[in-house]
Amino acid sequence: MRRWWGALLLGALLCAHGIASSLECACGRSHFTCAVSALGECTCIPAQWQCDGDNDCGDHSDEDGCTLPTCSPLDFHCDNGKCIRRSWVCDGDNDCEDDSDEQDCPPRECEEDEFPCQNGYCIRSLWHCDGDNDCGDNSDEQCDMRKCSDKEFRCSDGSCIAEHWYCDGDTDCKDGSDEESCPSAVPSPPCNLEEFQCAYGRCILDIYHCDGDDDCGDWSDESDCSSHQPCRSGEFMCDSGLCINSGWRCDGDADCDDQSDERNCTTSMCTAEQFRCRSGRCVRLSWRCDGEDDCADNSDEENCENTGSPQCASDQFLCWNGRCIGQRKLCNGINDCGDSSDESPQQNCRPRTGEENCNVNNGGCAQKCQMVRGAVQCTCHTGYRLTEDGRTCQDVNECAEEGYCSQGCTNTEGAFQCWCEAGYELRPDRRSCKALGPEPVLLFANRIDIRQVLPHRSEYTLLLNNLENAIALDFHHRRELVFWSDVTLDRILRANLNGSNVEEVVSTGLESPGGLAVDWVHDKLYWTDSGTSRIEVANLDGAHRKVLLWQSLEKPRAIALHPMEGTIYWTDWGNTPRIEASSMDGSGRRIIADTHLFWPNGLTIDYAGRRMYWVDAKHHVIERANLDGSHRKAVISQGLPHPFAITVFEDSLYWTDWHTKSINSANKFTGKNQEIIRNKLHFPMDIHTLHPQRQPAGKNRCGDNNGGCTHLCLPSGQNYTCACPTGFRKINSHACAQSLDKFLLFARRMDIRRISFDTEDLSDDVIPLADVRSAVALDWDSRDDHVYWTDVSTDTISRAKWDGTGQEVVVDTSLESPAGLAIDWVTNKLYWTDAGTDRIEVANTDGSMRTVLIWENLDRPRDIVVEPMGGYMYWTDWGASPKIERAGMDASSRQVIISSNLTWPNGLAIDYGSQRLYWADAGMKTIEFAGLDGSKRKVLIGSQLPHPFGLTLYGQRIYWTDWQTKSIQSADRLTGLDRETLQENLENLMDIHVFHRQRPPVTTLCAVENGGCSHLCLRSPNPSGFSCTCPTGINLLRDGKTCSPGMNSFLIFARRIDVRMVSLDIPYFADVVVPINMTMKNTIAIGVDPLEGKVYWSDSTLHRISRASLDGSQHEDIITTGLQTTDGLAVDAIGRKVYWTDTGTNRIEVGNLDGSMRKVLVWQNLDSPRAIVLYHEMGFMYWTDWGENAKLERSGMDGSDRTVLINNNLGWPNGLTVDKTSSQLLWADAHTERIEVADLNGANRHTLVSPVQHPYGLTLLDSYIYWTDWQTRSIHRADKSTGSNVILVRSNLPGLMDIQAVDRAQPLGFNKCGSRNGGCSHLCLPRPSGFSCACPTGIQLKGDRKTCDPSPETYLLFSSRGSIRRISLDTDDHTDVHVPVPGLNNVISLDYDSVHGKVYYTDVFLDVIRRADLNGSNMETVIGHGLKTTDGLAVDWVARNLYWTDTGRNTIEASRLDGSCRKVLINNSLDEPRAIAVFPRKGYLFWTDWGHIAKIERANLDGSERKVLINTDLGWPNGLTLDYDTRRIYWVDAHLDRIESADLNGKLRQVLVSHVSHPFALTQQDRWIYWTDWQTKSIQRVDKYSGRNKETVLANVEGLMDIIVVSPQRQTGTNACGVNNGGCTHLCFARASDFVCACPDEPDGHPCSLVPGLVPPAPRATSMNEKSPVLPNTLPTTLHSSTTKTRTSLEGAGGRCSERDAQLGLCAHSNEAVPAAPGEGLHVSYAIGGLLSILLILLVIAALMLYRHRKSKFTDPGMGNLTYSNPSYRTSTQEVKLEAAPKPAVYNQLCYKKEGGPDHSYTKEKIKIVEGIRLLAGDDAEWGDLKQLRSSRGGLLRDHVCMKTDTVSIQASSGSLDDTETEQLLQEEQSECSSVHTAATPERRGSLPDTGWKHERKLSSESQV
């Protein structure tokens, strides 16, 4: 409809009945007056608009009585005067533009397989409800919402997603509803030692850290790297390690992920046609203020006065001045626009015919004639255009207009015809094509998963999850397969389209596979790799892999195939960005585009449209071109921050964007109709449209027999080519060789590669091996086609066939740095050097029968080679004295052959023909050779090699690898000349060999029955040519051929990171690592159970005690909590117990061998206990104490009869052992540097060995003592009787700790507890007089002295950073026991629910509230979002509610105990709320607030009737607890350093304890007050009545936080909410005299009632399978009381009130404003109603003022301050002032942040607490006697006149007196008790110790503050 011009309404009169009368309308002379409307409106239009065929008046009055133009007899006359062809009548198209040609048409009957549209069209039935508007009027998409299955979650918008996507951290619903109200996710477990943890928690191999690749997906693995892999020439290295084009530096675009390419740049200058963004980037000036954020910082859209462009209807013309006129008024000779923009010369108007009318000769017009303003105007039929003469008509070629037809177009005279390719069908609009088949699905990689989404429905499903870093993607529709590449794993994988059967396709030789494409016709897989700069091809299963293109490739990225044309297309964004193409066999390579490209990412082909589309992330553009590169055009050039991948389907483009994390779509022709398909994705990468028509059928050039090819058949144009896998030679035109006979084999750390000598290109390919992390040494055995390699990352030696099959680990234990490897192909032996252990070892080629050959005088041995003909082996050693040595292959006849002019002798090689030894020296930069005995030394290549490493010989050539040039080179082996480079740009080159089949045969006696050896037969230079030997630690018997069965006597010792054994059965000492597959970080103490053959050890870093079999199997942790520094450990093999000392906790404990029934034996007067030994037969245990007063002690093995044996002349008593044969005690002292001995009672003490440098562990076996020494890093031995004959057992062992000597042949002693555990229910422990029964820590032994209680009854529960512990109050030891709750990080507050036995706690590191059972099971997150710093927590055990304070958000909230029904109770006038406590029986809620105005407040449990109890003389009120018996509150003040109490009304305030250091939390039980103290790191207690009898319950505990008491007497009582939740549907809150029902802040989908017992009806009817609608957050809290009747309201969904609810009085209809008709006046009744309303309000106010005046007579004078707040009100005894004097400087300095910690340095550990927790330096000064304070509970009172005051206190605290009565009684006795100050504050006395905060102590006077 045209805009309305002229006057609209002159006026209207108002009457009492609201009826308007109209005036006569009169327009000017130049205007036409339209008919008066029913509303009395007058409309004037320009006179020239009359009789122009347009309904300008709106009622056709301007067209009534007009003569319409005539139509020819062949045409149809439309109602609006338009003439159309009669054949167009009733064809379903609105050709008249007023639908008159489609009126009164007989209805068309649709076929059975068609759907009838409402506009009369018929479409295919399968198009109904497919998401496409096929009818044109959207009637085919008016569909019922699809029902979600049982395994799906329905989003709020109705779409369905997988059920397990709910609350998974990813926004899968388009509206984000799947991530609302979710518990917090459990943090990712920490990575192990060999892994690196990415910023978002994922673990990758540590070798990927700082390797230049984005393995994490967010570049966090490449940040903070001290050294980066260098970028290529022409590239710029970002700070994160990413390499980009150097031309992108300082260009205004942040191309680096960390924006480092735009730092320190001079201001860029933009041209006159460009706009400079705030970031410095230049964009087109025309993009300024166009509504699109082209700058990416929105600076091009700022300060735009009018960003919206005027819009006109499709049949209108937009004038330059913004007016809209009808298209018919163009070029009519009249200035309709008013600015002449509709006429010449602004418009190309046709000349007029000059005829007077259309009745004569059709006005001179060739087709149509019409009279316009009295003149003839010619027009043409649809399909024609008027020519220059203004008379004749010319055919319009619609096919020339791009996008006029979706696919094919045929032009006809006056018309056109669109047609579609096979597989498509023309839509009813006759122009667009719709693909036949199933509904299209967008398949995209999301880094961590692969998902699919329906583009028109928002249906979103998961295909594959738990991926590492999925980038590229493609599918094979016919075979129902999906393929993807993972750039973290460097692999290509595939799976079925249903997500099943995941398997690896290509697992080796990949570095950065960024592009992937499937040839669905010939079943081939193509991919690009920007790391290797290659394009490769293979079968769909990865077989027959071939490097297709590798020359002149830099960084190939996207790839697309056209199998029907046999063409491959790819993008390359190296230094010369381009798009290229070639045949699919690699031939016919050509450039498609190489200009105006920077970062061409995505690439796709429109097969039906015969075009290609690509995205450029640098230019922020989507472009298209023909397949030959012609007709290139930008489709979208703005609003594209970082497009990555693109796909096309039908007429739409779909692309992913990294910056917006979204999938978008637009029209493929125009770029218009842009739409966000999905956003808030994790990291969208590649994308494809999953549909059969995206892979149309094509001719398979290879046919059914693979083209007759033996391996690969690759299409090439319209033909094909047979090709061979890389390295295999072609025998003829169709066949390839089946094997490789000779090839160059080299290691490249991450893979092992080969270069075939059978082909001319010498391109390398990867042997497909798994899990190669850091390969160094290589060798091979052609007899079984095996390749062997060492890996210094996994510390393994492995082997596989040369084709990668049969891979297996050969040696995987006791390796540290296997640097050299050699195969004896004669005896099938494997030799290797280990630079970490400094050994040369040998084993069978399968790794069995391993033994140490040489272990002495080795210093970093490197390469090794063998010469079986002579029986010698040769190795290089490049330690402090570099040398080359040789020895017999059985270790005999060892000698140094080269020792001078060597620096880093690396690779070795033997020329068996000329008997020469070659070596490469990286320090000397030479390659040299000499005779096998070291003679005739000569330099082959000197001072010309940057860094040679690996070396090998073959034929007449020598080959070597070079680290610095990253190349493989060769030269003549005799002269060193004729050098050539075989391969370059190869990172991390290591060893090199040539695999061939011409090794010389050698005869040996070992080939005949193994030479008669029982185990190993080795070649030797001795006359027999061989010798027998045994595996390490096993003795060779006298026959020289047979080995003993195993170790009987051995040493076992801890070396921090492993446990090792040294056999004592053999004449030499060699340590063997116990192959325990567990992480060890700081293994200290060790013990052995010879009965079961198990070793036990403690790890003081991991804080655990573990055990395993001596062969490394059956490993397990037995103690994982409550350990700090377990320095000593002893196994009672007879009594089946394990004992240990803990220097951190100063305890000695015992437990069963599996860690159960743990008990603290000794805990008093211990100061760093260390070593411990047992004497079960005597019932004694002995230990050393390393503290300030070092000593040796003894007690019974049950902790009884404790005695100090020696306490003088001791320094650091470390190791300890008992000699049972001589009844002596031996110990090692690292300070006195002596090993001493004494009798078992401490007598006859004397020195045995002196000096010893730093002995640690000590043990004894037979006649010798053995000890470890930190200083010498060795194990020593001496005679146990004399201390003489000291020898070195093993050296070069850093990290030596404890040691034990074991003889498994020795018999065990008698078990004192017998076979029935002494009749004890739990522990039976030996003692000198027999045994005693004992219970686990904290549990009492019953009266029978045999049986234990099941669990403690009353105990303290407290938090300490990463732990929750308990202390039993039933026993006297008061030792803490860890509650085994997993995943604790920084626990602050906690509480307990005695009903279900669960502990609730807050973790401020994770910002969650969780709960768990006391045994650590059933841990779950209760509140997982919307928290900042939850410092206080309280459980309402009656109403089953949970309360908490949030210091970060300054709120107090509540929920059900399961976290549901969450509601904010108080969120105003809070400033750092801290502790919180509830009194369910009274309906009270208490909390502390220590913001600028510290205070303690109280409210009802619903937050109402808020009252400030105390706000004077407060500093930092931390902890808060209630004494439910005496009805008093207790709190600790960390600023004033005291503990105080008051009654429940804040009256009768008393200081209980002063001069406490830094109290944090407190609790109460019986007559005791317990509190935690940060400064003293202890839990203490005092008498709650007197404040005396102060005791330390637990000391030396870091990070103490909250503390509570769990007792049957603690959580008692009930209230109205205790029965059936008070009848409430959601929340029930008890109050002082009533209770209320309340609704959560966020609706949970269930109707909420505020009336007890009433369940409101659903707001609308729903089907059984349909979920109820979500209720809005509009439900207030409503009071329910037996004495008060309150009107209630209930709102339904969407805020609507049903009629039934309104009739019940549950709610009221909202007053919706109804807009009046134009010109209608206000009704008089409205004014009267308004006056009555005002009068009513005044009456209410007057009544309220009168009521308050009367009420003030009976209330406390201080309660006059009533402050209204929402949602409730609070009353305050005193006015709350927001301004206060600033706290002293120490306040700010000691304010706790989340990053702080309660220690002096504030940097040791990170505690996540926000300004709600304070740390105050203080001393342990004595607290005063509080002389001014007296209590009636503490004894007789000196002044009996104060007895009444105390009586008032008791009555008030019990609740029998209200506030007014209490105040009156206190005032009566004020004069009598004036000398008693119940809130006195004693003065501090004494000086403060130096704690590190001495000069920042709290100010002592108010004036200083």
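Glycine too: its Cβ is placed from the backbone N, Cα and C atoms.
Between CYS304 and the candidates CYS289, CYS295, CYS312, Swiss-Prot records the disulphide bond with CYS289. Per Swiss-Prot, the cysteine from CYS324, CYS331, CYS369 that shares a disulfide bond with CYS349 is CYS331.
Here Swiss-Prot annotates a disulfide bond for CYS122; of CYS105, CYS110, CYS135, the partner residue is CYS110. Between CYS182 and the candidates CYS167, CYS173, CYS191, Swiss-Prot records a disulfide bond only with CYS167.
Counting residues per DSSP class in helix, strand and coil order gives 0 helix, 21 strand, 22 coil for the repeat 'LDL-receptor class B 15' (1264-1306). Long-range Cβ contacts of the repeat 'LDL-receptor class B 3' (566-609) within its own chain (Cβ-Cβ under 8 Å, at least 6 residues beyond either end) map to 232-235, 245-248, 255, 406-407, 420-421, 424, 433, 515, 517, 519, 522, 524, 526, 528, 535, 537, 548-549, 553-560, 615-619, 625, 627-629, 632, 643-648, 655-656, 668, 686-687, 693-694, 696, 701, 714-721, 723. Only residues 6 or more beyond the boundaries of the repeat 'LDL-receptor class B 8' (871-914), in the same chain, are considered here, and those with a CB under 8 A from a CB of the stretch are 820, 822, 824, 829, 831, 833, 840, 842, 853-854, 858-865, 920-924, 929-930, 932-934, 937, 948-953, 958, 960, 973, 991-992, 1000, 1018-1022, 1025-1027, 1029. 828-870 is the stretch from 653-693, 828-870, 1093-1135, 1223-1263, 1264-1306 with the greatest number of Cβ pairs below 8 Å to the repeat 'LDL-receptor class B 9' (915-956). Look at the repeat 'LDL-receptor class B 18' (1483-1526): DSSP puts its residues at 0 helix, 24 strand, 20 coil.
Within its own chain, the repeat 'LDL-receptor class B 11' (1093-1135) is flanked in space by residues 813, 1052, 1054, 1059, 1061, 1074-1087, 1141-1145, 1151, 1153-1155, 1158, 1168-1174, 1176-1177, 1181, 1183-1184, 1186, 1197, 1216, 1298, 1304, 1308-1313, 1324-1326, 1363, 1365, 1376-1378, 1380, which lie at least six positions past its ends and keep a Cβ under 8 Å from the stretch. Counting residues of the repeat 'LDL-receptor class B 4' (610-652) by DSSP class, helix then strand then coil, yields 0 helix, 24 strand, 19 coil.
Proximity of distant same-chain residues to the repeat 'LDL-receptor class B 15' (1264-1306), defined by a Cβ-Cβ separation under 8 Å and at least 6 residues beyond the stretch ends, is recorded for 838, 1048-1057, 1062, 1064, 1069-1071, 1083-1088, 1090, 1093, 1129, 1171, 1215, 1217, 1219, 1226, 1228, 1230, 1235, 1247-1250, 1252-1258. Residues of the repeat 'LDL-receptor class B 16' (1397-1439) grouped by DSSP class, helix first, strand second and coil last, total 0 helix, 21 strand, 22 coil. Residues of the same chain lying 6 or more positions beyond the ends of the repeat 'LDL-receptor class B 14' (1223-1263) and with a Cβ under 8 Å from any Cβ of it are 1049, 1051, 1053-1054, 1064, 1086, 1171, 1175, 1178, 1180, 1182, 1184, 1192, 1194, 1205-1206, 1209-1217, 1269-1272, 1276, 1278-1283, 1286, 1296-1303. Counting residues per DSSP class in helix, strand and coil order gives 2 helix, 19 strand, 20 coil for the repeat 'LDL-receptor class B 5' (653-693). With helix defined as DSSP H, G or I and strand as E or B, the repeat 'LDL-receptor class B 7' (828-870) counts 0 helix, 23 strand, 20 coil.
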